[in-house]
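Chemist: Take a look at this one; I'll ask things after.
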2 protein chains.
Amino acid sequence: MVEGRRLKPVTNVVSTKKELIEALPLTGSVGLVMTMGALHAGHRQLVDAARKENETVVVSIYVNPLQFAPGEDFDTYPRNLAQDLELLGDVDIVFAPTDEEMYPREPLVRVNPGEVATRFEGKTRPTHFAGVLQVVAKVLNLVRPDRAYFGQKDAQQLALVRTMVADLDMRTNIVAVPIVREESGLALSSRNAYLSTEERNLALALVGSLRAAREAAAAGASPEETEKVLSEALEAAEGVAVDYATIVNPDTFQRVSSNAKQGLGIVAARVGPTRLIDNMEVTFG
Amino acid sequence: MVEGRRLKPVTNVVSTKKELIEALPLTGSVGLVMTMGALHAGHRQLVDAARKENETVVVSIYVNPLQFAPGEDFDTYPRNLAQDLELLGDVDIVFAPTDEEMYPREPLVRVNPGEVATRFEGKTRPTHFAGVLQVVAKVLNLVRPDRAYFGQKDAQQLALVRTMVADLDMRTNIVAVPIVREESGLALSSRNAYLSTEERNLALALVGSLRAAREAAAAGASPEETEKVLSEALEAAEGVAVDYATIVNPDTFQRVSSNAKQGLGIVAARVGPTRLIDNMEVTFG
């Protein structure tokens, strides 16, 4: 019997580590995209990048409790596996474990993300990056991908994952995928679903301040002056409670040096009850 | 041309991570033995176990600075690669990196070994296990062995490595290899080289106290009574400064429960300037 041609890609959805490992191919490159579900066009961009560069694409869908603090939105975080699978398109393996599967016990040995994780996003979420790195380490160790794709949107997470991979000698290339924006400029985020129409407009202040900073830098502003443009633009915006607005070195997340050629503008602010982040590269001209 | 039969095993000695990864086979099982050199018959036991169960045997030889505290014997720790290679016998790959290769910078993301690492060996060496787990994570991630062999001699290290592998989902089986003892009963250790003839005799108090505890347990002593036998026997020995002598659960290194069937006797003591450890399983009969 001749097997019919596959008209539609068949995704292998697995929920245990054992099934995951058995589903992995013995040869050929593997690309990994880690998500918490609630997929949008930004995730799709990660999957498309993985699809282009790898023979096998693995997507994990898991809302990692370890990266949420008590009082954060772990319980209300949107979960809809069926809808996520539809949005994913052509991937080979989806790993969607339960909490019991991922953490059969409270982990005793932990990834310590170091000092960078106490600043910016880590200041308001002191246990967040430790939880992120724990689950990223676990899934990288399970899948052993050639490449793992992370969004530039979560720039501090990206920097920390890169640092972990280097410091623990994990054999995976971390690939940064550019931020996807709506036509308005708003960076895509699962949390945009929480925004009212009015709040979506107010939220444009984040990208607006970053663009102002980029233009100032290109026009010759120093890092210090550029940071002033960024933070003043965001502080001036109505309906936006600024958490931080600064220029950092994109690899170390330390304050950018006075003679730097490049920096990363990073902003975080609350719009209504929703906390949003955004970032943009700036080149000092 | 027909290639001649290999009369003597050829060991591939590599010093960089890149060479190591390139030397690894694409198929077949890989066994890893991590050492700090100064090899003795105890290490040979690890290699023999790896040789029996795997197609490729990788041995790392690296004195890991991260697991020594200032004032410990990092600088004087015996290093003799040529002699180590001779003692190793039939292995396929030896990874002997420099400090610069292993740690191109001070690691920022660290393995946090948790509370167990603060007790027993960790009490006198508070940064020791963090350093051990960092380098074990790195080499496990580089080699990705099917099995890694650790000596039962360093029982707390073994328990912590097992905990890390579970909590970070590393796909390696950790195999414990029994303690090798001299005819006198003295557990083999690289640090035995520091002992004078007289100190070697005094050092027998460690194994003596463990044997007394084992016999007491077998004869019906409770865990508490067995611990008393162990610590009193070691305290009574001449020329031995006891650090700890206790019975623990071998997996958790927590105090063994009153109704346990099995426990692990663990002892540490200084004999002259040299600190020695030993351990033995006890079965409560």
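Using the three backbone atoms N, Cα and C, a Cβ is placed for every residue, glycine included.
Just so you know, TrEMBL annotations never went through curation; they're auto-generated.
According to TrEMBL:
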- B:HIS43: active site, proton donor (ACT_SITE)
- B:36-43, B:151-154, B:VAL180, B:188-191: ATP binding site (BINDING)
- B:GLN67, B:GLN157: (R)-pantoate binding site (BINDING)
- B:GLN67: beta-alanine binding site (BINDING)
Chemist: How many Å lie between the Cα of B:GLN67 ((R)-pantoate binding site) and the Cα of B:GLN152 (ATP binding site)?
Modeler: 18
Chemist: Given B:GLN152 (ATP binding site) and the residue listed as 'active site, proton donor', what distance in Å do their CA atoms have, once rounded to a whole number?
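Modeler: Given the Cα positions, B:GLN152 (ATP binding site) is 11 Å from the residue listed as 'active site, proton donor'.
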Chemist: Can you give me the Cα-Cα distance between B:GLY42 (ATP binding site) and B:GLN157 ((R)-pantoate binding site) in Å, rounded to a whole number?
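Modeler: B:GLN157 ((R)-pantoate binding site) has its Cα 16 Å from the Cα of B:GLY42 (ATP binding site).
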Chemist: Pick from B:GLY42, B:HIS43, B:GLN67, B:GLN157, B:SER190: which of these recorded positions has the biggest number of other Cβ atoms within 10 Å of its Cβ?
Modeler: B:HIS43
Chemist: Least buried of the binding-site residues B:LEU39, B:VAL180, going by other Cβ atoms within 10 Å?
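Modeler: Taking B:LEU39, B:VAL180 as the binding-site residues, the minimal 10 Å Cβ count falls on B:VAL180.
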Chemist: Return the count of C-beta atoms lying within 10 angstroms of the C-beta of B:MET36 (ATP binding site), excluding that atom itself.
Modeler: 20
Chemist: Looking only at Cβ atoms, how many others are within 10 Å of the one on B:GLN152 (ATP binding site)?
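Modeler: Other Cβ atoms found within 10 Å: 18.
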